[in-house]
Amino acid sequence: MQRASRLTRELSLLATEPPPGITCWQNGQLDDLRAQILGGLDTPYEKGIFNLEIIVPERYPFEPPKIRFLTPIYHPNIDSAGRICLDVLKLPPKGAWRPSLNISTLLTSIQLLMAEPNPDDPLMADISSEYKYNKQLFLLNAREWTKKYAGQ
């Protein structure tokens with residue numbers, strides 16, 4: 001019951017006061033959510049609309065939601081299946097998830113990761129080394145993917 005009331009509260013807050021560039025809604029059941037993140041200005045993802053799937057586990061908020069990109073994105077910390085390498089999406093000791101965090105915080109963290117990749121903790125080694133050693137090529141590829149997969 002605690003989970004349902006917390007999720008209802010979080011979704012209501014996301015609907016009335018969403019973080020800039022982020023929308024989130026229910027996709028049928030309460031534990032199946034969808035979100036959209038707009039690519040940030042001055043990033044290779046600018047003008048892109050990225051769709052995400054959020055699956056809320058039974059033990060939420062004691063366990064983090066499972067979030068993945070449905071829209072393909074060229075990024076060192078996001079793999080081809082849309083999985084995201086981000087510490088707040090994992091339980092301790094490896095992760096930084098805490099029950100005080102919420103879906104809004106997670107989506108904002110993902111939006112930040114899009115703007116500031118972490119090439120030292122990659123899911124995609126080839127994209128990571130491109131980001132580190134040939135930034136221009138990385139930016140070109142990321143813009144092309146954004147136009148191809150996330151364009152309006």
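Backbone N, Cα and C atoms are what each Cβ position is placed from, and that goes for glycine too.
It should be emphasised that the depicted structure is a prediction, and the values quoted were computed from it without experimental measurement.
Per TrEMBL, the feature domain 'UBC core' maps to 2-151. Here the domain 'UBC core' (2-151) has a mean pLDDT of 96 out of 100.
What TrEMBL lists as active site, glycyl thioester intermediate is C85. Using a 10 Å Cβ-Cβ cutoff, C85 (active site, glycyl thioester intermediate) registers 18 neighbours.
Remark: secondary structure over the domain 'UBC core' (2-151) totals 56 helix, 31 strand, 63 coil, with classes taken from DSSP.
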